[in-house]
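Participant: Let me begin by handing over the structure; questions about it come next.
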Amino acid sequence: MADPAAATKYPLLKLLGSTWPTTPPRPIPKPSPWAPKKHRRLSSDQDQSQTPETPATPLSCCTETQWTVLQSSLHLTAHTKDGLTVIVTLHP
């Protein structure tokens, strides 16, 4: 007991200090995240300088290519020389 006045005013407190086991306080747990974290990769100037620019004219001549934009998605449909149909959907 650090305060002698408390010991004379409350004599039973000294019994508490001698027999009561002292345990360290438990740390407060961190709350669980309410949603998973999404890690975004920020583009830097170095990344942009390494990506090739889109050519003004297509690399291959193709008259059968169709594309549509639906909300924020791009849908591409192309046909190969062998008659195979290729459908690509790009989402942001």
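Just so you know, glycine gets a Cβ as well, placed from its N, Cα and C.
Just lifted these from Swiss-Prot, have a look:
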MOTIF     9-12  motif 'Association with host cytokeratins'
REGION    16-59  region 'Disordered'
COMPBIAS  22-34  compositional bias 'Pro residues'
MOD_RES   S32  phosphoserine
COMPBIAS  45-54  compositional bias 'Polar residues'
MOD_RES   T57  phosphothreonine
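Map these features onto the structure and tell me what's around them.
Facilitator: Residues of the same chain lying 6 or more positions beyond the ends of the motif 'Association with host cytokeratins' (9-12) include none with a Cβ under 8 Å from any Cβ of it.
Sequence-distant contacts of the compositional bias 'Pro residues' (22-34), counting only residues of its own chain at least 6 positions beyond either end whose CB sits under 8 Å from a CB of the stretch, are absent.
Sequence-distant neighbours of S32 (phosphoserine) (same chain, 6+ residues apart, CB-CB distance under 8 A): none.
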Participant: Can you see whether DSSP assigns S32 (phosphoserine) to helix, strand or coil?
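Facilitator: The residue in question, S32 (phosphoserine), is coil (DSSP, three-state).
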Participant: Any idea what the model's mean pLDDT is for the motif 'Association with host cytokeratins' (9-12)?
Facilitator: 80
